[in-house]
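Input: a single structure, listed below in structure tokens.
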Amino acid sequence: MTSLAGVFCGLLLAAVAATAEAEGQSSYIVHVAQSHAPRSSCPRLLARAYTSFLRDALPESIARPEPRVLYSYGHAATGFAARLTELQAAHLESQPSVLAVVPDAMRQLHTTLTPSFLGLSGSWGLLPAASNGAKDVVIGVIDTGIYPKHRPSFAAGSSTLPPPPSKFRGGCVSSPSFNASAYCNNKLVGAKFFVEGYEAEHGGAFNETEESRSPLDINGHGTHTASTAAGSAVAGAGFFNYARGKAVGMAPGARIAAYKACWRKGCADSDILAAIDVAIADGVDVISASLGASGKAPEFYNDTTVIGAFRAVRKGIVFSASAGNSGPGEFTVRNVAPWILTVGASTINRRFPATVVLGNGDRYTGTSLYAAGKPLGAAAKIPLVYGGDVGSNICEAGKLDASLVAGKIVLCDPGVNGRAAKGEAVKLAGGAGAILGSAKEHREMARTDAHVLPTAAITFADAERIKKKYIRKRPFPVATILFQGTVVGKKPSSPRMASFSSRGPNLRAPSILKPDVTAPGVDILAAWTGESSPSGLASDTRRVQYNIVSGTSMSCPHVSGIAALLRQAHPDWSPAAIKSALMTSAYNKDNYGNYIRDMATGRAATPFVRGAGHVDPNRAADPGLVYDAGTDDYISFLCSLGYTAQQIAVFATDVDCSATRTTTTASQANYPAFSVRLRSAASCAMLAGTSRPHTGQMLRARAAFALR
């Protein structure tokens, strides 16, 4: 990897060149006590100091293999990431100068019309109040990088944006595949990459044919999220003939700084922390992170993103993160610290219907992004078979019997392989089309994908009806698939909560409601990379400028962009005030006036699903009451969790919980919402205290709850 430390001091790079991976070493993040940390914020000096620290701290008996420093942290944390043996890590953790040694872990990504759906208008409300779409605000996007080649979403615009604000100290890094002088401008003001942790985690292996050691986005995810947050307005955007219209980010005047910390196999904690560290040093105003832990939510003091977010918020940076795509199960929400703005996913008033018409006349409407859009079997219905009868019920590649599939439509069960991959398997076996059943737990929801052959995704219940009441009972079942393009309208109700959106209660702090809010995250059109297909399949040779994708990864940048608008409109508001404004102004009714529906249950979504409600940008600009909070409030919250002084020290130094103004429980924190979970049918009365509303008034709220 080309060293960039000599170019600018803001990049945190390994002080020692990578050598052949030492046997038995793993990556660890070492949190050092502030009193023992080097007095410098320059990565080169920090790296030297921590390399020397390791030599001095490790006895000769365990000094080999020699540790290797991957990153040094001076803003998002105090400490470093290094390759260590298990014995070396254990010895370091026993030292009084070390607060914690945490194994590096891999995190996963939480993978247009929306501004008008949200009510953003250039003539009134938050957008004009934010002065040219937040031109003084920089959004740092931590993701898979960015693809600016021939992407007008990242152009400076016809009105030519002025230079970025002087407080922003970042920039773009060039490489053979990323020409910074050609790609970066007054819209795309930063582009950097972080790969040391990822590369070490995978034994130093890096496939240059599948990945780019540069800020260039190969995956598409980072390009999509960045353009959603702050893409410039582009007329005539669309995915083939779907979703045609004007595409524009939430904050079209805001600047974008892309920090690539996610790669083909995930995102290493050490790389994420390095990206946060550099984003803080660069002077961004908002950080957007559409990623999270894949397993159980870690304790806050062991959660790298939570620690980095705390340090960012302390510097006045709004930290927005995705809730996760592990719904509809309980306790699945991620990024649950109170200083993080956690976003769930919901629908908008646009859909892409595809209808399956059976030989008996029964019709089942699902969804599809099949590019050709021509009906399948319009002239004469096509034979229909169930995957389980022709080799694989889930339509796995290589398992379908081509002699039984050729020229037919195949009904596939959910599970194991991806949805687009199921269609690919049918195509490779000679099939004419596919019908994909959804997971049972997703109930009312079917997922839209960029399929490579005529395909419709339908609900689990509809797929079971077709299988059991038609295919099993007819000697020669046939079907047609009709593709109806783009439909915008009142029906069905919107917004609705996506079944996949992760839910509370909050595993680590049950009294803190998570997610905080919900925003558009289903079938979102935004810019895409030119390096990968819209389906993500290697066999798919299509390349597009825009793609339609779903996930809390898509809802997060919507809120990040709105936060940028609020920061521009109210530069004196703290991150907590911006978050509070979004929560207290959120709404809970759909376009029919009914409570927002949960697609996983068919009933009204609970606060554990939707949080405080759906974001309303214009109301958030003037919410009337804002709950503010700062470092002292968050430290008090951590004390209320029973954390030790050493555990809290990874967030802030010299904390004495016995002397700090503490809360009895997390529910008494100065937070816009709190939650109570009752074990059985019962009721309770609870006093939730807040100390400093923005209005300066004292507020006490008593709430009664009953669950049955």
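The backbone N, Cα and C atoms fix where each Cβ goes, and this holds for glycine too.
According to TrEMBL, the feature active site, charge relay system maps to Asp143 (among others). Annotation note: Asp143 (active site, charge relay system) sits in a strand segment as assigned by DSSP.
His221 (active site, charge relay system) is surrounded by 27 other CB atoms, counting those within 10 A of its CB over all protein chains shown. What TrEMBL lists as active site, charge relay system is His221 (among others).
The secondary structure of Ser553 (active site, charge relay system), as reduced to three states from DSSP, is helical. The annotation active site, charge relay system is assigned in TrEMBL to Ser553 (among others).
The domain 'Inhibitor I9' feature in TrEMBL is assigned to 27-110. Residues in the domain 'Inhibitor I9' (27-110) partition by DSSP class (helix H, G, I; strand E, B; coil) as 29 helix, 28 strand, 27 coil.
If you look up TrEMBL, you'll see 135-590 marked as domain 'Peptidase S8/S53'.
The domain 'PA' feature in TrEMBL is assigned to 382-466.
What TrEMBL records for 1-22 is signal peptide.
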**Message:** Considering every residue in the domain 'Peptidase S8/S53' (135-590), what is the mean pLDDT value?
**Reply:** 95
